[in-house]
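Colleague: Here it is, the structure, as structure tokens.
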RNA sequence: GUGAGUGUAGCUCAGCUGGUUAGAGCGCUGGACUGUGGCUCCAGUGGUCGCCGGUUCGAAUCCGGUCACUCACCCCA
């Protein structure tokens, strides 16, 4: 009986990972330029961490979490996102001066799999704790923008909005509810009226949208502090030449967001799905038992990002050692590959004693750039043939010069 | 959680309205070419037709269920 991967998961093979590793390299270099350091937290957390942070009535917590009891009856969850974990770790450590964190890792949501959506998926992101200045919001958005530019993605769009502080949110919720109360909306939105009015703002239904167009906007109902914060963020973004567009209907699905929120789209990809998203969460640290600590961060969906990278990344040059003959020749081949490896030259050797043609065929399939050939003739003459697989040229090299000649390539 | 489409060889797929030995291309292995890959030709390898049940003399084909994949919705990175 064959065993297959579980629904909504997938395997990444070496050829797939070339792109992933490249993306990770660029992300890390940008993160470091902005003073961020890596943090790694457990994949497993107490279920309550997420119901308290993300919000008890969000879809993520209500129906998308992988939650189960362990042998002691503790309720554990495979993390659906990383922000809550980072905050938890930060608070648990207590005495750290470090406030800028970045992470990479798998997240889990019990969704129905489809394009750009998996049950185990990867995110990278940053969290910056303890800073309230609008310049910080600007910097985080700038960082995200620079990351995407360095990946060679030119046509991305960053949408921006402000939800205000918890008081603004509460006030605006009522205003929006009163405005929509008597309106006849789609089935989903009728449900949202009671549960989560804000979500009606990004409903795709045409009738709902026509009402939403006329609806009062959040940014017209921000308190003076939140309004000036938002205006300053925009001022700095304009000043630094970071392009963005305002989307008064942008709301985030997680309850902890306050003030600045943003999402990144690739309009030319033909999908209206966010590749990255983030925002402020000024109350979360306190809600998780810490002191009042404003904070901001974002997360990037790596599958969604990588699906839109059409760059070709080639493997590093590698060597294949082909030998022909008896044990003494094999021993010489083993000796030489050991020497090459000591000099950091990646090489594999085939032990199957097949024909030279067969070995070249294999080397070709493995994508080896060069083949080293050792037969009885070379053995006697103390040489090795170096064959360039690309143009079929080859030359005889003295054994003692082998490492030196290869390093010249 | 809701809806639609698809499951046949390692991969991409054909198989007409049910008819008896289930096919092709690619791949893989070997040979033509005892030490030189990519091209060509030849041969070989490879399938519980996703799984379970039903209808039928007979099911890859029709029906039901189930699982998986793809896509859309809800929601989200």
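Cβ atoms here come from the backbone N, Cα and C positions, even for glycine.
Owing to the predicted nature of the structure, the values given are computational and were not obtained by experimental measurement.
Pulled from TrEMBL, these are the listed features:
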BINDING   A:81, A:82, A:83, A:109, A:123, A:127, A:252, A:256, A:257  L-histidine binding site
DOMAIN    A:1-317  domain 'Aminoacyl-transfer RNA synthetases class-II family profile'
Colleague: Rounded to whole angstrom, what's the largest C-alpha distance between any two of A:81, A:82, A:83, A:109, A:123, A:127, A:252, A:256, A:257, listed as binding L-histidine?
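Modeller: So the binding residues stretch over 21 Å, Cα to Cα.
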Colleague: Does DSSP give residue A:83 (L-histidine binding site) helix, strand or coil?
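Modeller: It is helical.
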Colleague: If I take every residue in the domain 'Aminoacyl-transfer RNA synthetases class-II family profile' (A:1-317) and average their pLDDT values, what number comes out?
Modeller: 91
Colleague: How many other Cβ atoms sit within 10 Å of the Cβ of residue A:83 (L-histidine binding site)?
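Modeller: Around residue A:83 (L-histidine binding site), other Cβ atoms within 10 Å: 26.
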Colleague: Please report the number of other Cβ atoms within 10 Å of the Cβ of residue A:252 (L-histidine binding site).
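Modeller: Residue A:252 (L-histidine binding site) is surrounded by 22 other Cβ atoms within 10 Å.
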Colleague: Show which residues of the chain containing residue A:81 (L-histidine binding site), separated from it by at least 6 in sequence, have their CB under 8 Å from its CB.
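Modeller: Spatial neighbours, sequence-distant, of residue A:81 (L-histidine binding site): A:50, A:54, A:60, A:107, A:123, A:254, A:299.
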Colleague: For residue A:257 (L-histidine binding site), what is the tally of other C-beta atoms lying within 10 angstroms of its C-beta?
Modeller: 23
Colleague: Determine the Cβ neighbour count for residue A:123 (L-histidine binding site): the number of other Cβ atoms within 10 Å of its Cβ.
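Modeller: Result for residue A:123 (L-histidine binding site): 22 neighbouring Cβ atoms inside 10 Å.
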Colleague: Reduce the DSSP letter at residue A:123 (L-histidine binding site) to three states and note it down.
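Modeller: Its secondary structure by DSSP: strand.
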